[in-house]
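Each remark here refers to the structure printed beneath this line.
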Amino acid sequence: MERGNQTEVGNFLLLGFAEDSDMQLLLHGLFLSMYLVTIIGNLLIILTISSDSHLHTPMYFFLSNLSFADICFTSTTVPKMLVNIQTQSKMITFAGCLTQIFFFIAFGCLDNLLLTMTAYDRFVAICYPLHYTVIMNPRLCGLLVLGSWCISVMGSLLETLTILRLSFCTNMEIPHFFCDPSEVLKLACSDTFINNIVMYFVTIVLGVFPLCGILFSYSQIFSSVLRVSARGQHKAFSTCGSHLSVVSLFYGTGLGVYLSSAVTPPSRTSLAASVMYTMVTPMLNPFIYSLRNKDMKGSLGRLLLRATSLKEGTIAKLS
C-alpha cells in the first residue's frame, strides 16, 4: 500500500451524510436551524446570568461557562459541515482536521469538567449548607474554572500532537461529518499504539474520573436528602433535576457514540448518535436549565422585557 506523510497528503474527505441532493438540502436546513437555536439559546443563558445580580452565584457561574463551552463545542464541527453541504464539497485540509480535533477534544473535556464542578457545587450546597458560602467562594470558583480550561487544553494538545507523528495511507476518507479522532487514527499506516494509549489516558482522566466525581457527589446528595423532610427532598431534587438531566443526556449520547462505533463499522446509526452528542445535547441544555428553574425563567423574562422596551424606545425616537 502506498504510504505518505501528513504534509504530502494534504486533505481528508468527510463522507458525511446522504448523497441525494434533496436530502442534503433538507439536512442543511435542519442542521442550520439547530445550530442557530443552540447559539441563541446559550447566549441568552449567558446574558441572563450576567445581567441579573441575583444569579451571580457559583451554580450560575458554572452554568454560564458551560453555555459558552457548548457554543464553542458545537461551532467546532457544525459550520464546516454546513459549508461542505452547501458547496457539495467533502474536503478538509490536514491542518483544518487537526484544528477541529484539538477544539473538539478541548471543549468536550471542558464540558465534562464543568458538569463535575456543578455537581460539586450542588453537593456542598445540600450536604454542607452552613459552610456553602465559605467553601464555594468566588476565588475557588474562578480557580476551578481556570483549572478546567488549562487541563482540557493540555489534554487536547497532548492527543493532537501525537497525531502529527503519524503517516497516512492513500485512503483518506473519514466516514463521518467531522474529524473524529478515532476515525482519523484508523487511516494511519504507521503504528498508532502510542496514540491509542494517549487517547485512553485522556478519556479516563478527563472523562471517566469526572463522571465518577459526579456519581460520588450525587450519592452523597441522595444520602443526605433521604434524612430530611418531604418538602426538603422536593426542593433538593428540583435543584438537582436540571443538572442530572444534562449529565444523563451528555454522557448517554457520548457513550452511545463510542459504543456504536466500537461494536459496528461506521453507519447511519453512529452518525445519528454523533449528531445527538455534538448538536442536540448543546441545543437542549438551555431549555433544560431554564424551563425547570424559576429564577432563570424570571430573569430571562425580565431580560426580554428590557430588550423589547429598548427596541420600542429606539423606534419611537427614530420616528
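The backbone N, Cα and C atoms fix where each Cβ goes, glycine too.
Per Swiss-Prot, the features are as follows:
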type: TOPO_DOM; residues: 1-25; note: topological domain 'Extracellular'
type: CARBOHYD; residues: Asn5; note: N-linked glycosylation site
type: TRANSMEM; residues: 26-46; note: transmembrane segment
type: TOPO_DOM; residues: 47-54; note: topological domain 'Cytoplasmic'
type: TRANSMEM; residues: 55-75; note: transmembrane segment
type: TOPO_DOM; residues: 76-99; note: topological domain 'Extracellular'
type: DISULFID; residues: Cys97-Cys189; note: disulfide bond
type: TRANSMEM; residues: 100-120; note: transmembrane segment
type: TOPO_DOM; residues: 121-139; note: topological domain 'Cytoplasmic'
type: TRANSMEM; residues: 140-160; note: transmembrane segment
type: TOPO_DOM; residues: 161-197; note: topological domain 'Extracellular'
type: TRANSMEM; residues: 198-217; note: transmembrane segment
type: TOPO_DOM; residues: 218-236; note: topological domain 'Cytoplasmic'
type: TRANSMEM; residues: 237-257; note: transmembrane segment
type: TOPO_DOM; residues: 258-270; note: topological domain 'Extracellular'
type: TRANSMEM; residues: 271-291; note: transmembrane segment
type: TOPO_DOM; residues: 292-319; note: topological domain 'Cytoplasmic'
Could you tell me whether the transmembrane segment (55-75) and the transmembrane segment (140-160) are in contact, taking contact to mean 3+ Cβ pairs under 8 Å with a sequence separation of 6 or more? yes
Using DSSP, what's the helix, strand and coil tally for the topological domain 'Extracellular' (76-99)? 18 helix, 3 strand, 3 coil
In the topological domain 'Cytoplasmic' (47-54), how many residues does DSSP assign to helix, to strand and to coil? 7 helix, 0 strand, 1 coil
In terms of Cβ proximity under 8 Å, which residues at least six beyond the ends of the topological domain 'Extracellular' (76-99) contact it? 6-7, 9-17, 24, 27-28, 31-32, 34-35, 107, 160, 163-164, 177-179, 184, 278-279
Using DSSP, how many residues in the topological domain 'Cytoplasmic' (218-236) fall into helix, strand and coil? 15 helix, 0 strand, 4 coil
